[in-house]
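Here is the structure we will look at, set down as structure tokens.
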Number of protein chains: 6
Amino acid sequence: MWQYEKRLEYPVQVTCPDVKFAKLVITQYGGPDGELSASLRYLNQRYSMPTKEAKAILTDIGTEEMAHMEMIAALVYKLTEGADPKDFEAAGWGGQWAQHDSGLFWTDANGVPWTAKYIACLGDPITDLTEDMAAEQKARATYEHLIAATEDPLAKATLRFLWQREVVHFQRFGETLNAVQEHLCGKHMWMGQEMK
Amino acid sequence: MWQYEKRLEYPVQVTCPDVKFAKLVITQYGGPDGELSASLRYLNQRYSMPTKEAKAILTDIGTEEMAHMEMIAALVYKLTEGADPKDFEAAGWGGQWAQHDSGLFWTDANGVPWTAKYIACLGDPITDLTEDMAAEQKARATYEHLIAATEDPLAKATLRFLWQREVVHFQRFGETLNAVQEHLCGKHMWMGQEMK
Amino acid sequence: MWQYEKRLEYPVQVTCPDVKFAKLVITQYGGPDGELSASLRYLNQRYSMPTKEAKAILTDIGTEEMAHMEMIAALVYKLTEGADPKDFEAAGWGGQWAQHDSGLFWTDANGVPWTAKYIACLGDPITDLTEDMAAEQKARATYEHLIAATEDPLAKATLRFLWQREVVHFQRFGETLNAVQEHLCGKHMWMGQEMK
Amino acid sequence: MWQYEKRLEYPVQVTCPDVKFAKLVITQYGGPDGELSASLRYLNQRYSMPTKEAKAILTDIGTEEMAHMEMIAALVYKLTEGADPKDFEAAGWGGQWAQHDSGLFWTDANGVPWTAKYIACLGDPITDLTEDMAAEQKARATYEHLIAATEDPLAKATLRFLWQREVVHFQRFGETLNAVQEHLCGKHMWMGQEMK
Amino acid sequence: MWQYEKRLEYPVQVTCPDVKFAKLVITQYGGPDGELSASLRYLNQRYSMPTKEAKAILTDIGTEEMAHMEMIAALVYKLTEGADPKDFEAAGWGGQWAQHDSGLFWTDANGVPWTAKYIACLGDPITDLTEDMAAEQKARATYEHLIAATEDPLAKATLRFLWQREVVHFQRFGETLNAVQEHLCGKHMWMGQEMK
Amino acid sequence: MWQYEKRLEYPVQVTCPDVKFAKLVITQYGGPDGELSASLRYLNQRYSMPTKEAKAILTDIGTEEMAHMEMIAALVYKLTEGADPKDFEAAGWGGQWAQHDSGLFWTDANGVPWTAKYIACLGDPITDLTEDMAAEQKARATYEHLIAATEDPLAKATLRFLWQREVVHFQRFGETLNAVQEHLCGKHMWMGQEMK
């Protein structure tokens, strides 16, 4: 179970509201490679990991990604602060306003709602950890796209922090994959030599 | 942000594995009215609530529903303990095994993956709290369906605990709705008298 | 079965075409909280209602919501009258034109097609009527968002009529919920006292 | 708008309940080629038809398909009459019971909820009427599959009635397509000679 | 199996980049009536065709539609050549950039990912060939919408080539339907005279 | 463009029909980690690869995965040869029969239709190749699940061939990732040192 702690993992700042950019940022909230995908992927996969360490790392990172969802939510709120229907309309995000007003929703940048079809769990630890490394790469690339799409130095700083965390997660999943492969050695070969 | 605490909110027990029943229980993990729907609905809606108290209650209940997801995951694992492909096949749940082996996945009892289309956020606190009351009713009814579908007294006890929590949440959302209506009085009438 | 009567429930008028606004209004045609959701939810739930009165009210309101779909369709047509591809493009609704030309389609304001995942039927009358009350609130809130997003007094009048109907439906579902609870008294308690 | 008339288009009968068969029949309620698909396709397409007659025929058939949805609903209810959770489970339809109890839902025979992605509207009358002819063929074929999957003579009779109506609709759409082509002659050639 | 031949079926040209138009064209890549829908529909349906000729024609056309996907991909690339994030943003296609950068993706013009729900296979050759004729009409109509939405003569020429191919396919499916009906004569009547 | 060659990449054999197993095997046709996912992922990603070699390898493997789809289709047909509605029903696959008869369809083992939401393209070659390595692992794991779920030595041999190809593809993607990283060196660092 979880305990909520009322603070963000890292302060979220923007120089000034920018609804157009908020429309892009939302993909890291509810898009295919966003923080919800990450969190739900890891918190779900941990059950079929073969070692305590692998379970722990998936729980830790899955929990941290929830904190990232909060940061993205905060970023979207700061980017839309004070915006009225006309501002949403002008930013090409009228659909958000018509359907959610000032509420958030789990969609990508086109308004497509989040689905578990974005993520995977094969129950095979080698596979699932490789999937997780790919997931971190996808999140990293999306943050790079977003950083390139804004001039706001404070928004960039927030996104860079999240980008950096994905890089660290990628490395930790790589180490975990190595450790799990060693742990499984002989029991489950996947390089073509044999198969049950 | 959240801190993970390595224990279940309530002990999960079953008398003996029952893959057929696991196939039904999974709907409370990733189905339309399950714990993921509840958690993501509340954690998302809290941002547009008008009072600190309403934000806090959505955060609290959203966080508790995450603990319920863990309980359901544990229940599914106990119900499928030691099951092999033939057992999954015999239980009509071969698709789970073929696609996820011993891994879990966010689906309903038919294998349909979870989607944010199941939940709503209109950004209007009266609406969102009414939606939440309906959500708790839907979760309650699903637990009643599950309790009626098993003879296992220990599984029933686990499900009854969760059922009871939904009833409590329903009541708390009712109180919050009253408080929010009072808070908004005069500012936002929704009974036909006036409209912006 | 139904008989078609060739007239709208209420006259639909606009001051002048406004493709940008049409793009938002379409969410009440095929979006999550639009008239199709309402109609199909009620016409489907009536089968498991325990009293003739409850069945009748769901049939009536479900049938009226179909008439509202017609009104929304008429409104979208008036708002797009005479628009050419460039007008759709300029309004950010080029996708509508490319895929449907002057035809309508069951989507939300972002072009996401309607799905039954938006609605629910638990087969439990208390639950389903609470869900219906939430549905009416969601429709009400969406109409308020739309009314706030246009300056056109005639379009506003049409939307206000529909808004008012949702408020009335909300009240009628509240009364039906009370009546059904009374009817079921003793048979199905859902306040924590007992459970099958 | 529509008026509801409290009777079925044709009496629905079954010899005895058969939950396994009900699980298949539901595809004509909420599956890709079922009555909901038909009704919503036609009621939506009529707006962009070029003649009064074409509009009228789409409205008529769309309205009749709604009556067919009622017949399918009645058939599913008769096939599941008196069934308890164990009966649903034994029929491989436990997911239906867990999620909807005795309520209906808009899904196909695998539990996949209905979506507007199943249908089309291109705004081009030649295209849309050809699509409608294909739709009637798909409904016809599905009825043939269902008729072949049951031994119950009364259920067969009901399905045969619906099958026959699809054949008639196919023919009427063929006639309408001819009439519309004649009406458009010269204005919109689609056989390769010219193009705007 | 297939052999890849490194050339386009027909040269793809544009006068100058036009991101706004690329956003529309993408629907023929991954939209409901685009080339992916066509290809996967035919390559899948061929298995249940009753004659060698019908199997062959579905394989041929399905394979050609894959070549059309390549042409559409090339067209989108030429229309977005040199575009930076700001250009995507200005064209209302920022979501594409945020999520895919310079990569393509299988979506419609609104960013909705492709799904097999768009296509059908009933296993009945009459039905499936009628569906295919409708599919060609839908593709034809979409190309007409796209041709009308651009002034670029070179882009128009490319689209006109594809449009013409759809018209030819429509005719070939019509001939195949006739041949299959003749082949089946007496075995499978679908005009109301009899039924298994 | 592609040329079709009328033979399978590898002969497909089964000892005897087994509809229950066919229902599982179909996930490699249209499920999340099946051959359609693989093929469409690679054929789409090749456009944004930075070297000719990387483009070529994605084209080659994407084309080979299409041949694998044919093999899976052939396998499903052999496993269902001569099956009637009752056989499908008894195997828990009645929904397949009701909706597709002897036709195939792009679904997973639960009947959920294929969607592009299963795959990704970020336009970043490092990311996309890592995603491809994960994809091959997921396909490999699914083949292992299937091999474990049948006793049929001939079906196993077919699946083992496909399994082996995935292992080879995994290795080739690994080599390509290395080559692309070398090619990009200095231009695009993703290990935390710098970022645009």
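From the backbone N, Cα and C atoms, a Cβ is placed for every residue, glycine too.
Taken from TrEMBL, the feature Mn(2+) binding site applies to E:E35, E:E65, E:H68, E:E136, E:H169. Counted within 10 Å of its Cβ, the other Cβ atoms near E:H68 (Mn(2+) binding site) come to 25, all protein chains included.
Residues or ranges marked as Ca(2+) binding site in TrEMBL: E:D60. Cβ neighbours within 10 Å of E:D60 (Ca(2+) binding site), excluding its own Cβ and spanning all shown chains: 15.
The Cβ of E:E136 (Mn(2+) binding site) has 24 neighbouring Cβ atoms from other residues within 10 Å, across all protein chains displayed. Cβ contacts within 10 Å of E:E35 (Mn(2+) binding site), excluding its own Cβ and spanning all protein chains shown: 24. Proximity to chain F, defined as a C-beta distance under 8 Å, is registered for the following binding-site residues out of E:E35, E:D60, E:E65, E:E136, E:H169: E:D60.
In sequence order, E:I61, E:E64, E:D132, E:E136 are the residues near E:H169 (Mn(2+) binding site), counting only same-chain partners six or more apart with C-beta under 8 A. Listed in chain order, the residues near the Mn(2+) site other than E:E35, E:E65, E:H68, E:E136, E:H169 are E:A38, E:S39, E:I61, E:E64, E:A139, E:L162, E:R165, E:E166, each with its Cβ within 8 Å of the site Cβ centroid. The C-beta environment of E:E65 (Mn(2+) binding site), restricted to residues of the same chain at least 6 apart in sequence and closer than 8 Å, consists of E:E35, E:L36, E:A38, E:S39, E:Y42.
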